[in-house]
Structure formats: C-alpha cells, structure tokens
Amino acid sequence: MKATIILLLLAQVSWAGPFQQRGLFDFMLEDEASGIGPEVPDDRDFEPSLGPVCPFRCQCHLRVVQCSDLGLDKVPKDLPPDTTLLDLQNNKITEIKDGDFKNLKNLHALILVNNKISKVSPGAFTPLVKLERLYLSKNQLKELPEKMPKTLQELRAHENEITKVRKVTFNGLNQMIVIELGTNPLKSSGIENGAFQGMKKLSYIRIADTNITSIPQGLPPSLTELHLDGNKISRVDAASLKGLNNLAKLGLSFNSISAVDNGSLANTPHLRELHLDNNKLTRVPGGLAEHKYIQVVYLHNNNISVVGSSDFCPPGHNTKKASYSGVSLFSNPVQYWEIQPSTFRCVYVRSAIQLGNYK
C-alpha cells in the first residue's frame, strides 16, 4: 500500500479543468497539463539520523507529512526537517506566522488548501529554499503573500478574497510556470500592468470567474495557455494579445465579448485552440482563415447570424494551414443550410463540425 502511495506521488501531472483538491495526492492531478513533475529527492541531501518524531495525530512516511482533516488551528510544531511534502489541507488554520516552517529547507510542496487563512507574515516562507509548489486555494486571503521562495514553480490561490495583484509580489520568481487565481473578487484595476511580465518561464495563467473586464496587460511572451473564462470581458483588441507569440490555447468562454478586433489573432501566431463560446459575438472573428496553426475554434452559444465562405479557410486548398479538428457553431442564429459547403473546405473530418440546435 505504501509503495502504491509513493508511486502516485511521483506520477507525472496532468490537466483536466480547474484544480480540485480532494486528498493528499490529488494535488498531482492538476489543470490542463502544466508539465511540472515533482523531483525525486536525492537521499544524499539528508544526513543519516534516528528519524524525527512525527507531529501528534499526523502521519509521516518517507519524508511526506500528512496533517490534513485534523481541525488544526495552527501549523504543528517540530515538523521533521527532512520533510519534502507537507499536507495541511482541510483544517482551521487562520494565520501563517514567521517560524512556522523553520528548518524545512528540503520542502518541495506545501498544501494549505481549504483552511481559514487570512494573514501570512512576510517572512513565513523564507526558510523554504527549495519550495516548488504552494497551494493556498480556498482560504480568506485578500492579497498574495510577500517574499515567496524564488524556487517556486507553481502557485494556486483560487477561491480566496484576493482583490489586488501587485507587480512586486512576483519579483524574482523566475522559475514560476503555473499561476491559478480563479474565483477571486478581482477587477481589472486590481491587477497592476505588467504584474506577470518578469517571469520568463511562466507558461500557464488561469484567472477565471472573477470581475475583470479586459485581458491583463503586459503578459509574458512565454505564455502557452491563458484561461480567462467566466469573466466580464466585453472586447478583444489587438493590443491585448500583443507579444503572445507562444500562446497555444486561449480560453475566453462565458464572457460578454461582442467583438474581436481585426488583427488580434495575428498577434498569436502559434495559437491552436480558441474558446469563444457563450459570448455575444455577431460574426466569426476575423483572421481565422490566415491563421496557420489554429485547429479548434469554439463559437457556440453566440449571436452569429451569418457565416461567410472565407471565414475559416483560405481560398483554394492551402496546404500550409493546419486542418481543423473541431469547429462548434451550434446554438447560433445562423441556419446550417445557409452555410456554403465550401466554407469548411479545410476541414477533412466532417464530424469535427458542430452546427444547429438554436432555440
């Protein structure tokens, strides 16, 4: 049984929608394929000892300390110094204080999901010089913690009370790859321009189900996935996507978008998936026919009444354009018999096209 648990811990992560924490090792089953895998600790990092004492009521095994679901109101004392994963989720902790994690210089993952944390002392995470994953979701934070470890690769803080994202918060976090800030009362004015810009390895941002009305400015060119679903964005202009040359997936479903300005998609030359379903679009966004790599376009549940024969595919048979594997246009006013058959001439599998079912 123990061997099975450790194998789960060391499994490669995968992504499948918003992060849902349900147990100790579910933190490895993460959104949308970040590609981050936990490092196997090198036994040479630790000196032989008789073994530290496990905190009361917690479970300790192979440098994993599980103290979840115990009703704790503070971080346990005397945590084993060789701990690499500390699970404190589903407790009643209200504050993270300086010294709570002292001597945990080998900690790689810290799970604080579903507590009542409203305050984190500025130096609380300073001793964690090897921390790569920090999970703070489902708490009561109004701002992100200060002075997070420079080794951090993944930060998840959805379902808090965060209203501000400051640029200084991410200063020096050059190893960051994944940031999840969904389901917070964030407004566009609360995100400083260029707040994410300095993180040169950042590839995934999710700010879904908030109150932002525009795409954040100054996003890093390293981004490959941007998920802004369930917000109050009304328009996509060319400037908002400028410089996102590596973006492969853009999620803008369930907003109030009525227009995508001409030239916007040209700023994302490697885009493969575009999710614009459940918005207020009246026409197919311009630039799809010229886009070389795009393969999936979701436009269902909009107000599109006309689809032109050149909206999706270039003239003739342009072999340089990737074939679509998914185009959804159902639940729009346009009738399927009003669409010319040649409209989807660059779609080689007809089952990839979804039409009809408009009420």
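Any Cβ shown, glycine's included, is placed from N, Cα and C.
A disulfide bond in Swiss-Prot ties C58 to one cysteine from C67, C313, and that cysteine is C67. The record in Swiss-Prot lists a disulphide bond between C346 and one of C60, C313, namely C313.
For N303 (N-linked glycosylation site), other Cβ atoms within 10 Å of its Cβ number 13.
Its own atom aside, the Cβ of N262 (N-linked glycosylation site) has 12 Cβ atoms within 10 angstroms in the protein chains shown. Among the recorded positions C54, C60, N211, N262, N303, the residue whose Cα lies closest in space to that of C346 (disulfide bond) is N262. The list of residues near the repeat 'LRR 3' (118-141) in space but at least 6 beyond its ends in sequence, with Cβ under 8 angstroms from a Cβ of it, reads 19, 21, 27, 36, 38-39, 89, 94-98, 100-112, 147-149, 151-162, 175, 180. Around the Cβ of C313 (disulfide bond), a 10 Å sphere holds 20 further Cβ atoms from the protein chains shown. On the 0 to 100 pLDDT scale, the repeat 'LRR 5' (163-186) averages 97 in this prediction. Across the structure, N303 (N-linked glycosylation site) and C60 (disulfide bond) place their CA atoms 56 angstrom apart.
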